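Have a look at the structure below before the remarks.
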Amino acid sequence: MGRVVSYNEDVPRCTFCGKTEHQVRKLVAGPNASICDECIALCVDIISEERVKDAEVNSLSLPKPAQIFDYLNRYVIGQENAKRALSVAVYNHYKRVNMELQESAEQLDGNNGHSGQTSKQAKQSVPTQTRATRRSNDPLADVEVAKSNILLLGPTGVGKTYLAQALARVMNVPFVITDATTLTEAGYVGDDVETVLQRLLQAADGDVSRAQHGIIYIDEIDKIARKSGENTSITRDVSGEGVQQALLKILEGTIASVPLEGTRKHKEQDVAQMDTRGILFICGGAFVGLTDIVRKRLGRRETGFGANWHDADMKDEELLEQVNADDLAEFGLLPEFIGRLPVTSVLKELTVDDLTAILTQPANALIKQYRKLFAVDGVDLQFTEQAIRAIADIAIKQGTGARGLRSIIERTLQDTMFQLPSLDDVRQVIVDKASVEGSSTPKLLREAVDVPQGRLKVAQSVLLDRVRTHEA
């Protein structure tokens with residue numbers, strides 16, 4: 001019986017579709033496999049479709065500035081101008097991130113022009129060409145929107161860190177806080193700037209794509225201002241100007257190699273490539289002495305017999321509102337560093353009324369937090385109005401602002417919280433002005449075994465009225 005002889009056995013063919021090199025335009029051969037131009041085009045289409053889907057999935061749901069502002073109002077008291085500025089800056093930042101994701105996916109999709117198209121590719125070529133044509137006709141198509149990192153100016157305890165935390169919550173992105181004073185130049189003892197990115201990656205549970213949309217708050221940024229004076233050349237400023245130089249690239253946007261564990265000082269570490277263009281950096285600091293620089297500049301501007309000297313009576317927060325890049329440069333920030341923080345917002349010093357509102361009004365106000373803690377033990381915790389105002393007064397005198405409120409309440413309630421779990425008959429604790437000032441202790445209302453529930457509530461009300469009357 002005769003054998004069928006095939007003369008195509010030695011002819012190179014595509015490993016994927018089986019076509020020979022004579023049936024396709026181009027055949028790319030490898031050591032153990034080959035692929036034709038049609039299969040390559042199909043693979044590119046598949047990858048392009050996945051990129052578009054990934055862009056849609058990874059794009060953040062973007063609340064409008066007014067919605068961000070309303071959310072901040074629920075948790076942050078006062079600072080209206082700062083909240084408005086931050087709402088707009090965050091909206092524009094993540095709008096840019098979403099726009100870049102979409103443009104990147106469309107650019108890859110638009111590059112898939114192949115003459116040997118399959119029927120599926122031919123169907124998809126029309127919208128692809130339409131997008132490409134639309135993009136070529138758009139005069140703004142090649143415009144790149146720069147990052148809008150944020151600089152917060154204001155004294156300690158006015159809510160700079162808390163505002164950044166609230167922004168991360170409303171955007172549902174990873175968030176990390178770092179202290180600029182712990183950062184040093186690469187090669188010196190301390191944390192280098194890549195450590196900040198490593199912490200953000202950990203906050204994102206190792207998800208690089210999610211970390212690339214996170215928020216990093218760098219506190220005490222004023223502490224890395226370059227030193228000035230006669231002795232600047234004696235010792236190297238490893239935690240000042242050098243850190244600013246190291247931060248420039250990641251603030252602007254770069255591909256950084258971030259160690260998954262340990263630090264860059266440990267060799268042979270696994271690293272992740274992180275794109276910092278989508279990371280929002282918020283830098284905050286008290287900038288003590290900056291108001292003097294502004295006042296001096298304004299004084300130089302208005303000289304002569306007809307000069308207006310109203311600037312000498314301006315408050316610090318009013319002076320900070322007039323800060324410009326030259327003032328920050330004279331303070332010690334590099335001009336390049338200032339340029340990468342284009343959005344500047346000033347937070348005003350909090351008043352007694354502001355602190356009183358902070359204690360009671362926000363969704364997670366401190367008073368509500370302690371009331372919830374006491375409620376777990378079945379105890380009703382009450383603060384009189386005079387007590388709340390006394391807490392605010394002490395915080396103002398100490399110069400700690402909102403940051404010091406918790407420590408004052410802790411000190412006031414410490415003995416009560418120590419004894420309370422062992423006292424089964426206490427049903428109400430009343431904190432008055434005297435107990436906040438330390439001249440007395442919080443009032444404990446005990447429940448007698450034979451007292452009906454209705455009479456107990458009356459007794460609680462009477463005791464609270466007596467305390468309020470005594471304070472008045």
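Cβ atoms here come from the backbone N, Cα and C positions, even for glycine.
Under the heading domain 'ClpX-type ZB', Swiss-Prot lists 1-55. Mean per-residue pLDDT, taken over the domain 'ClpX-type ZB' (1-55), amounts to 76.
Shown in sequence order, Cys14, Phe16, Cys17, Lys19, Glu21, Val24, Arg25, Lys26, Leu27, Val28 are the residues of the chain, 6+ apart in sequence, with a C-beta less than 8 angstroms from the C-beta of Cys36 (Zn(2+) binding site). For Cys14, Cys17, Cys36, Cys39, the entry in Swiss-Prot reads Zn(2+) binding site, with the evidence type sequence analysis.
Positions annotated as region 'Insert' by Swiss-Prot: 105-135.
What Swiss-Prot lists as region 'Disordered' is 107-139.
What Swiss-Prot records for 109-131 is compositional bias 'Polar residues'.
The annotation ATP binding site is assigned in Swiss-Prot to Pro155, Thr156, Gly157, Val158, Gly159, Lys160, Thr161, Tyr162 on the grounds of sequence analysis. Remark: Thr161 (ATP binding site) has Ile177, Tyr217, Asp219, Gly284 as non-local neighbours, by Cβ distance under 8 Å and separation of at least 6 in sequence.
In the three-state DSSP assignment, the secondary structure recorded for Val158 (ATP binding site) is coil.
In this view, the densest Cβ surroundings among the binding-site residues Cys14, Cys39, Val158 belong to Val158, judged by other Cβ atoms lying within 10 Å.
Of all Cβ atoms in the protein chains displayed, 19 besides its own lie within 10 Å of the Cβ of Pro155 (ATP binding site). Among the binding-site residues Gly157, Gly159, the residue whose Cβ has the fewest other Cβ atoms within 10 Å is Gly157. Long-range Cβ contacts of Thr156 (ATP binding site) within its own chain (separation 6+, distance under 8 Å): Ala286, Gly399, Thr400, Gly401, Arg403. Secondary structure from DSSP puts Cys39 (Zn(2+) binding site) in a helix.
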